[in-house]
Amino acid sequence: MGNYAKTESTHYLQVALPTPLRRVFDYLPPKSGIDALSPGIRLKVPFGPRKLIGILIAITTKTDIPPCSLKHAEHVLDEQPIIPRDLLDLCRWVAHYYHHSLGETLSTAIPVALRQGKPVAQQTRKLWRLTYPAAEVPSNIARNAKLQLAAWQLLKQHLKGLHEPMLKSLGVSSQTLSALEKKGEVECILEELPTLHTMPQSILHEAPLTLNPEQAHVVQQIRQAAQQFQTFLLQGITGSGKTEVYLQLIEHTLKAGRQALVLIPEIGLTPQTLHRFEQRFAVPIVVIHSGLNDSERFLAWQKAIDYRAGIIIGTRSAVFTPLAKPGLIIIDEEHDASYKQQDSLRYSARDIAIYRARQTNIPIVLGSATPSLETIHNAKAHRYRHLRLNQRAGMAKPPSIELLNIRGETLQAGLSSALQQKITQHLEKDQQVLIFINRRGYAPTLLCHECGWAADCPDCDAHLTIHRQPAHLHCHHCDYQQPIPERCGRCNTASLFPVGAGTERIEDFLIGQFDPTPVIRIDRDSTRGKSRLQQLFKDIHQGEPAILVGTQMLAKGHHFPKVTLVAILDADSGLFSSDFRGLERLGQLITQVAGRAGRGTLAGEVVIQTHHPESPILNSLVTEGYDTFANTLLAEREKLGLPPYGYIGLFRVECKKHEEGEQLLLQLRELINQFLQHNNLNGPLGVTLLGPLPAPMEKRQNWYRWQMLVSSPARQPLHTAIAFAVHQLEGGNQMLVKLARKLRWSVDIDPQDMM
DNA sequence: AGCACGCCGACT
DNA sequence: GTCGGCGTGCTC
């Protein structure tokens, strides 16, 4: 390509920049020329008055901008693309699908270090060895320099050298080493980290478990698709051995010289999962979670892309990790809400993962005991292969589930007397009891008995939650805190009292009621600090009789073999949730916590307190199980045209002045409706608008929140309408742009909830 | 989103 | 006199 010099001026660089603007920007090639520029490299470019680091998307010969107003790219940061082709393509699709800026999408996808322009260094490890093996201690090491002498002696016994981490663990500090290096006695060699190509070791540390026939069948079915795209729904009841299936699938993937990407929910069981993986596999495993700092994240990313790790385990954002040799994707607990990002780029890691699997032509496994309705629907439509694990290892029978009528009952800290009796029975048999309540703190409301005033958050439409440890009022929506007042804020009488019960209050009550049985509370407050949660789990596993009280955290993942009674205190909040997914969530929760009851050899019992024991849907769940329950919900969703039968997007607006959000959405609605009419997309088979409506919690953190729902029985018209609307908001319509400037707006495709 | 520019009010 | 409030415009 020697004739670039001639045509140089007709080439333009399309660059994605970290700005919310949904377009790419064209630049002239840098002064250094266009050679060695390929999509995926980083460029430093002038952007208005500042300099930004962008990603080169494409090199074109056309531009919509008058070429005289184009600027030159200033700097080329990479020789090789740091964003591989398929990740770039993935991000383009994501940006397009979620109507988000490509530059910001790329920023979400890559480690912070990269978007800040840090150089990509070859990953190395340091090998230290003696410069020359002398028989005697060299004279330039002082006789009293004990540490240096020890280090020298050590290295003399290992003339091939020792790696720095090894030396550290043997008590040799880097100061000692650099002191010796200065004296010319030792030298440091930078070795490239080995890739899996050159790693001679075997893949496994320990032998795999023997699979039961069901598991074996599942493994075999998925292996048959080993080299091509196929989505599997692995629906396995709690305790049916899904993880072992994952492990064996990964083993086959590794043996084929490929990598596995495993996504787990956010509050996930990272330490346990990781432990099990590390026990099994001898290949390097990389874990990506919110606890990592920037450089650790960057390291993990590099290991994945350089084929230095065989298994990549991570939460939501790990779905963007590029793989050198992709072979398998696993989404554990695929129904979990934490796979959906709830701000900025509102993506679903599960859905992106499926797209990725298709793009790279590899199988993907969605595992869950309680699959989402979307996934069940796709399985029924034969877009996914539906595989099941119905056998519970070493378990006689599934737990019995009872809907306990609490209508007219006087509750003590949220517990009915019937439930208290059951607790006594189980404790007398030396067993453990698990109480589930999705509300932390002492009580959700501080109420005045005299005038009905309640302590509210000044910044949100919400009551303040009473906490006792330490004592204060706390808003769970914006983190506002204040001391507990002694007198009513309205009538000034001293008759304030807590209404309702959260985990702290229930803990208090149980301690008094079932003394001396220990009560272990597990919620976000009781598990602050690094190893608190692990310690509490350890206590539970001692197996002594105990009552566990907790939130969501208790519903996920962990096995408690001695728990035989599980109680759900506030099922009704799920029954009457303002959100259309409320019931689905409740069903998943009940099924998941029921899976916690009676593992091992002991029979389990589940009690669900409700004011509506006759509720047909709850009864169908209890007597016929999750599948039937899900079918009922699916039928309802179909009637209402809700997902998975209809596709929805949500415009969200936050504003400081109450009416401004509504105004913007009203204007937007007018424009969209005109557009729909012009394009024959109105009517029930086209696109329908609902709203603007205030969000379920209208004010939050001093922002008023409005939303407008856009829905359609087909994906394409929905997409078209939203693309049009976004374009208008972003500059197409002057009036709208003017309104939009005063507030914050965003689009949420496939919203999880309307909160 | 940033950032600059520009035009009005209350300060050492 | 000027420091700084935020409305407006622009980013290849």
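All residue numbers here begin at 1 and follow the chain in the order shown.
Cβ coordinates come from backbone N, Cα and C, glycine included.
Copied from TrEMBL, the annotated features are:
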type    : residues                               : note
BINDING : A:Cys448, A:Cys451, A:Cys488, A:Cys491 : Zn(2+) 1 binding site
BINDING : A:Cys457, A:Cys460, A:Cys475, A:Cys478 : Zn(2+) 2 binding site
DOMAIN  : A:223-389                              : domain 'Helicase ATP-binding'
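The record gives A:Cys457, A:Cys460, A:Cys475, A:Cys478 for Zn(2+) 2. Within 8 Å of the mean position of their Cβ atoms, the other Cβ atoms in that chain belong to A:Pro458, A:Asp459, A:Ala462, A:Leu464, A:His476, A:His477, A:Asp479, A:Tyr480, A:Arg700, A:Gln701. Close to the recorded Zn(2+) 1 site, the chain also has A:His449, A:Glu450, A:Gly452, A:Trp453, A:Gly489, A:Arg490, A:Asn492, A:Thr493, A:Ser495, A:Leu496: residues not among A:Cys448, A:Cys451, A:Cys488, A:Cys491 whose Cβ is within 8 Å of the site's Cβ mean position. For A:Cys491 (Zn(2+) 1 binding site), the same-chain residues 6+ apart in sequence whose C-beta sits under 8 angstroms from its C-beta are A:Cys448, A:Glu450, A:Cys451, A:Trp453.
Recorded residues A:Cys475 (Zn(2+) 2 binding site) and A:Cys488 (Zn(2+) 1 binding site) have their alpha carbons 18 Å apart, per Cα-Cα distance. For the binding-site residues listed here (A:Cys448, A:Cys457, A:Cys478, A:Cys488), the lowest count of other CB atoms within 10 A around the CB belongs to A:Cys478. It is 23 Å from the Cα atom of A:Cys478 (Zn(2+) 2 binding site) to that of A:Cys488 (Zn(2+) 1 binding site). Look at A:Cys448 (Zn(2+) 1 binding site): DSSP puts it in a strand. Between the CA atoms of A:Cys457 (Zn(2+) 2 binding site) and A:Cys488 (Zn(2+) 1 binding site) there is a gap of 14 Å. Neighbour counts of Cβ atoms within 10 Å were compared across the binding-site residues A:Cys451, A:Cys460, A:Cys475; the minimum falls on A:Cys451. Separating the Cα atoms of A:Cys488 (Zn(2+) 1 binding site) and A:Cys460 (Zn(2+) 2 binding site) is a whole-number distance of 19 Å.
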